[in-house]
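Enquirer: TrEMBL lists these features:
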type: REGION; residues: 17-41; note: region 'Disordered'
type: DOMAIN; residues: 146-437; note: domain 'CDC20/Fizzy WD40'
type: REPEAT; residues: 192-233; note: repeat 'WD'
type: REPEAT; residues: 276-317; note: repeat 'WD'
type: REPEAT; residues: 406-447; note: repeat 'WD'
Amino acid sequence: MGFSSFNITPMATLAIRRGAENQPAKKARAESGAGEGSSGGREHLAYTCLLRNELLGAQIDEMRGPPAGCADGNRAALGAVQLASAAMAALAYSPRVFKFRAPVYSAENIDPSPYSLSPVSAKSQKLLRSPRKATRKISRIPFKVLDAPELQDDFYLNLVDWSAQNVLSVGLGSCVYLWSACTSQVTRLCDLSSEGNAVTSVAWSERGHLVAVGTQKGHISVWDVAANKEVTKLQGHIARVGALAWNGDMLSSGSRDRHIRQRDTRTPAQQSSRVLQGHRQEVCGLKWSPDGQSLASGGNDNKLFVWSMHSTSPVQTYSAHVAAVKAIAWSPHQHGLLASGGGTADRCIRFWNTLTSQPMQCVDTGSQVCNLAWSKHSSELVSTHGYSQNQILVWKYPSLTQVAKLTGHSYRVLYLALSPDGEAIVTGAGDETLRFWNVFSKTPSHKENKSVLNLYTALR
């Protein structure tokens, strides 16, 4: 079932915010923007190519991109006007302008029909008949809005996650609620109020049958959702657990106590965990690489670390950010490519080649970077932001051009999760709302070239 067809019943905990979905169609169309270019730009480009054919004999029969120096539709239009003006000026001052010369046709430019009434050449006719690439529209309004009472406005927490089974988990105060995207039903998984505790992080296992819940007091509960019971409780941290990341049956947790702990959830809870020490302040970001061999961690000490499976010390350290690093995302398309975002004093998204330990590109977003997520199907990524613009940005990689800018949250967009089909995202903020957006398409991506010469993908 598509996401746009969900009907959500208002409920006490996660209830739809009425009015957001019921915007007039005219307004929705007005607020939706083009993704990768406008039809006007394509028309200007076609006009430019047509003039080049007819006035300069350029023999263009297909639009492959803007002419050199044309960065957008306006420049293409300006180029067309300048081209026409120059051609007319040349004709006006040419001493041979009124001398008759029989037209010369090349073999490929001959009109296929001797009775054609078209005023343009065969190449131009083919150009005008060439199919146009459909532009992707990204709606600038969310297709669902849910009320989320007590969703905390805390940069260091991770309170929203979307499972492979299409179920959203949300930490609200001392409770964890589950919202099924298939049935629109909301259930309460657990309530920690009797313990005087609060939820500080949630994370689904890869198969979507287990959900880990990090708490203010430092312990972690792992719940079997189908059985609706707690299967294990993990101790060890002495401060709140704000970041969780699964790697198969292994669960990594980052805490305000500055430590990262790794535990196999299949072993008894009393078994000692593997402790990774390196951060000097709270660990607020954790992500495993797609191949499960590297763990990236970000902290309030402005550091980004990469850890291996075989060492308790970081194998790589990146210190370019000048604010807390919560936003971390590994590219699913390019092996070893890692993106990270900095807090209020930094505002930058940086890209790293972890195979060579070298920095790559950097873009200043102008706002605190709260989350990052790559598209599963194309070379795009989405970032969410806090101070001061509270926006959601969609980027094309590696050009780092902005595909879309989405606004609507009135507080920092602190939480982000990607739908299992890779098309939609959900964002959460301190305004106590969850907003669902369609931002990615299912266009196949250019996968990384596999080669036996690439030692980094062969070695484990």
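Glycine residues also receive a Cβ, built from the backbone N, Cα and C atoms like all the rest.
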Enquirer: Could you give me three numbers for the repeat 'WD' (192-233), the DSSP helix, strand and coil residue counts?
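Expert: Residue counts in helix, strand and coil order: 3 helix, 22 strand, 17 coil.
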Enquirer: Within the same chain, where does the repeat 'WD' (276-317) have neighbours whose Cβ lies under 8 angstroms from its own Cβ atoms, ignoring anything closer than 6 residues to its ends? I mean 6 or more beyond.
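Expert: Result: 155-156, 158, 239, 242-248, 252-256, 258-262, 323-330, 332, 335-336, 338, 340, 342, 346, 352, 354, 357, 460.
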Enquirer: With DSSP, how much of the repeat 'WD' (276-317) is helix, how much strand and how much coil, in residues?
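Expert: DSSP classes over the repeat 'WD' (276-317) add up to 0 helix, 21 strand, 21 coil.
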Enquirer: Taking only the residues in the repeat 'WD' (276-317), give me the average pLDDT of this model.
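Expert: Across the repeat 'WD' (276-317), the average pLDDT comes out at 96.
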Enquirer: In the repeat 'WD' (406-447), how many residues does DSSP assign to helix, to strand and to coil?
Expert: 0 helix, 17 strand, 25 coil
